[in-house]
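Written out below as structure tokens is the structure these notes cover.
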Amino acid sequence: MAIDKEKIKQAVRLFLEGIGEDPDREGLKETPERVARMWEEFERMRNFDMKLFEEFGGYNEMVLVKDIKFYSLCEHHLLPFFGKVHIAYIPDKKISGLSKLVRTVRAFALRPQVQERLTEEIADFLEKELEPKGVGVVIEAEHLCMSMRGVMSPGHLTVTSALRGVFLKDIKTREEFLKLVKGV
């Protein structure tokens, strides 16, 4: 997907005018350009090489990366939601560098999104790329569309999960994953 900086700048300027602001005042005159550059930066961060390793000593237990901090934008209100992602997988023939799990989260989070789909997209992508015995993804997030508008009740977490393979089919694997996520 290509970013159209000019359209973004025009849209931000129109938005500012639409809410009664003067887009030419000192604090706002560079805002359209800043927002366009931000989306260009997001687009660059979404592209990465999912380097996989097939020689890893036959490790066949759970690999878990906890507390991956993320932020995204609610596609309904364009307000942030943010929190932590926990990803686990059980290798079959391939493993990933741990940083690639963080990059996977970032790649799917840096666009207008809903948490439920974000959870599914991360799990589906890792299942496709790693071909593991199973994948588990849990996301805990606070949504500013609930905290600063509507019900205006900050501090609540929404928790979503996506389970694939043995994480879905084997209750013991699922329980181990959820206990490790909770830190028990």
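A Cβ is built for glycine as well, from the same backbone N, Cα and C atoms used for every other residue.
The Zn(2+) binding site feature in Swiss-Prot is assigned to Cys74, His77, Cys145.
According to DSSP, Cys145 (Zn(2+) binding site) sits within a helical segment.
For Cys145 (Zn(2+) binding site), the number of other Cβ atoms no farther than 10 Å from its own Cβ, over all displayed protein chains, is 17. Residues Leu73, Glu75, His76, Leu78, Leu79, Phe81, His143, Leu144, Met146, Arg149 surround the recorded Zn(2+) site, their Cβ atoms falling within 8 Å of the Cβ centroid of Cys74, His77, Cys145, which are themselves excluded.
Sequence-distant neighbours of His77 (Zn(2+) binding site): residues of the same chain at least 6 apart with a C-beta under 8 Å from its C-beta are Cys145, Arg149. For Cys74 (Zn(2+) binding site), the same-chain residues that are 6 or more apart in sequence and have a Cβ closer than 8 Å to its Cβ are Pro80, Phe81, Pro112, Gln113, Val114, His143, Leu144, Cys145. Following the DSSP three-state reduction, the secondary structure of Cys74 (Zn(2+) binding site) is strand.
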